């Protein structure tokens, strides 16, 4: 397929009607395709998406996938939430019908350079940082992708002189065929998403797709301190630029996310002092080590985005107080025991919630004092009751949120609401 793919009057099936699928279907319709949208789920969210698509004359089915629609398509576009080995996709494969993801669809129509950021941890922060240093340097920049805004939503507005900063996950990469970013960034590679990919090799293969179509005109920005990432450099055709995740420039010590963004800025010839000024002024993101309140000398920190063991370890490594840790949720195939020594040093009490409670209890029972809670409300109440002045109550779950919440954002917002209710009670 070539950039500017002509799909006028071609039959295209879009699978999955969350944000990415909805955006893809609308883009395809604008490009003149005969669009059929299908989602195995029939709930309030998919019904809303279906209603919006029907107003644009897109055919929609919910609660099932019709085999004949897939077998007769010219192209299938898959949302990242749909497993790439789903039966409906195998129907298309059996007929030799091409399958691509929403990101690749948008990239086919993108006239601007693309900076694609991936990694097990830190993708969102780094993508936003790159966007900020570009904007502060006067570049018209679009920040989108896995960050929560589908690439397809912006594609009609993007011009050749703009720059796209794209966060891309392994779920989005696994469906890529011809995706070719001008600058690719791989921050790290850690155990993650084994519930989706099955094993680390499959997960790594998805990450490798970030580089597979790059050539000597492109750049790959890689973490010099990550052995798995460094090894990949041997088989990458793009020009390699390593970054040091503990880089210091003058009296300013950059963290890994800033160092990666700085490396991208250097490739693009951005002013060093302007970049450092942007880093100094960057306040961080919601749900990532977000200080919610200090109550009675106790810090309450929302790190709901920490859905992996390594993310939690990073949080603990950046907190220098006794920690009451709230963790748990839906297991992603993690090896929780890998940080038990860190918990022994940093955590005074671990409060467990969610489906992964039992597995986490087995991993940590000899390392730290454990309490189980039925839900996040009871967990935060317990944490408040046992905390002392100088402590830190940290929500850093190491797990996905889907057993109890819509997403990590909802989990973090609920945590913040509970904490702020304590402040209101105190002021009465």
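Glycine is no exception: its Cβ is also placed from the backbone N, Cα and C atoms.
Listed in TrEMBL for this protein:
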DOMAIN    117-243  domain 'Mur ligase central'
BINDING   119, 120, 121, 122, 123, 124, 125  ATP binding site
DOMAIN    287-397  domain 'Mur ligase C-terminal'
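Where TrEMBL records a feature, it is marked here on the structure.
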residue: 119; record: ATP binding site; contacts (Cβ under 8 Å, 6+ apart): 126, 185, 186, 187, 188, 189, 223
residue: 122; record: ATP binding site; contacts (Cβ under 8 Å, 6+ apart): 187, 188, 256, 257, 260
residue: 123; record: ATP binding site; contacts (Cβ under 8 Å, 6+ apart): 117, 146, 147, 167, 168, 169, 187
residue: 124; record: ATP binding site; contacts (Cβ under 8 Å, 6+ apart): 146, 147, 167, 285, 288, 305
residue: 125; record: ATP binding site; contacts (Cβ under 8 Å, 6+ apart): 257, 284, 285, 288
Cβ-centroid neighbourhood (8 Å) of the ATP site, 119, 120, 121, 122, 123, 124, 125 excluded: 117, 126, 187, 188, 257
Reduced DSSP assignment, residue 125 (ATP binding site): helix
Tally of DSSP helical, extended and coil residues in the domain 'Mur ligase C-terminal' (287-397): 39 helix, 33 strand, 39 coil
Tally of DSSP helical, extended and coil residues in the domain 'Mur ligase central' (117-243): 44 helix, 27 strand, 56 coil
Number of other Cβ atoms within 10 Å of the Cβ of residue 121 (ATP binding site) across all protein chains: 23
